[in-house]
Ligand SMILES: Cc1cc2nc3c(=O)[nH]c(=O)nc-3n(C[C@H](O)[C@H](O)[C@H](O)COP(=O)(O)OP(=O)(O)OC[C@H]3O[C@@H](n4cnc5c(N)ncnc54)[C@H](O)[C@@H]3O)c2cc1C
Ligand code: FES
């Protein structure tokens, strides 16, 4: 089991358990766990709706691809620990991370 | 004042195709979109991505689909008002609608079709204290006419391609140009990034990396910008214009205040014809909701066809509508 701690947009923190799945990603998993998650581009790293800050475990994640880095540039509130949840595969590398969801509007 | 049969709000794929379906029934259309170009999400978010579920096209680029739709609707000569947001819709005693845009364009119509997708695309705004006080008074999010910036002190912020491209362009126009970017380098097109670096080392622009604008101030019009950097103290400098260049994101916007029945951020419609809770107003494409709704282009096309039939009966209750295939008579252009 993979554990991910999520701070939602109302600042509530909860740890969810997820399973390693080949074709799923953290954006989809958050949706399945009923987190409010607009995903205009459906997970193609094009809309930045699924932007999150990785407060813990940033360095253990797979490195972002160019498309993700380009799209992160469109978020004025991006930080050095920003990622797009749709680009994080549901794999062991997520175990123990702590993320914070951010507003869509930014 | 523009007068038309159907005013379509939103020129995404579904709004565009609605012109075709209305045109077959000899109804004229005028389209309004907040974006400066047609195509909605396809042109704005994924113009170069292939789409695989448009019937009859094993694969088609999003932008190509929009170009094809423009060609397909051209016989019906739709009118366009682009780069203007529809702010309000009024219905008079006789049932005629008047639409008012952000630039005060007035459009009268017998029927309104809302094909507003996910809402208006609006610029993402950085968290800068005082930002909204100077919008339109030195702060803008688009560059419509670069000549406005001639011999002015300009500050751009952002790190994407558009920030780089405009820096290169405006370096020649502005009296002083500063680019503020939070990163330590640029990820955009290597050629543009190199050119910006060169302009900075030649002293033609000021480049502030690992920096963020924290506040703006002025007296009725923007006068100064304060920047915080990772490695130095906050400092303020003079600026006539600040242009934050981050992308656009859709927001429901004014649609929420038009008195229509909504479910979350979608307009509730009748399944038979996609009419809304206000007679004479229809909603098609991503903006509507009904049991089983799928936000797909092909669903929006189907909705456009049913809407047009119903709109015709609403406008011409006395006329008989006989259903015909396009293969029977072809397209009768206006
Ligand atoms: C990355 C991505 C991939 C996709 N892939 C597919 C796919 O493979 N197949 C598929 O079928 N669908 C796909 N979609 C979904 C598809 O793009 C949408 O279903 C489609 O764009 C809906 O069209 P629309 O005309 O209803 O709305 P939109 O395309 O959203 O256009 C609505 C327009 O209305 C304008 N507007 C809104 N409010 C106002 C106002 N008040 N005043 C003026 N203008 C206004 C907006 O500016 C916008 O231009 C994808 C979407 C994305 C983002
Ligand atoms: S869902 Fe669009 S960028 Fe992740």
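Here the Cβ of each residue, glycine as well, is placed from N, Cα and C on the backbone.
Nobody curates TrEMBL annotations by hand; they come from automatic prediction.
Since we're looking at a predicted model, the values are computed, not measured.
If you look up TrEMBL, you'll see B:33, B:41, B:46, B:86, B:121, B:286, B:327 marked as FAD binding site. Reduced to three states, the DSSP call for residue B:46 (FAD binding site) is coil.
Averaged across the domain 'FAD/NAD(P)-binding' (B:5-291), pLDDT in this predicted model comes to 95. The feature domain 'FAD/NAD(P)-binding' is assigned by TrEMBL to B:5-291.
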Including all protein chains displayed, how many Cβ atoms other than that of residue B:121 (FAD binding site) lie within 10 Å of its Cβ? 20
Cβ within less than 8 Å of chain A, restricted to binding-site residues B:33, B:41, B:46, B:86, yields B:41, B:46
Of B:41, B:46, B:86, B:327, which binding-site residues come close to ligand 1, meaning Cβ under 6 Å from one of its atoms? B:41, B:46, B:86
Work through the binding-site residues one by one (B:41, B:327) and point out the residue whose CB has the fewest other CB atoms within 10 angstroms. B:327
Filtered by Cβ under 8 Å and at least 6 apart in sequence, the residues in the chain of residue B:86 (FAD binding site) near it are B:9, B:32, B:34, B:99, B:100, B:101, B:102, B:254
By the count of other Cβ atoms within 10 Å, pick out the sparsest of the binding-site residues B:33, B:46, B:286. B:46
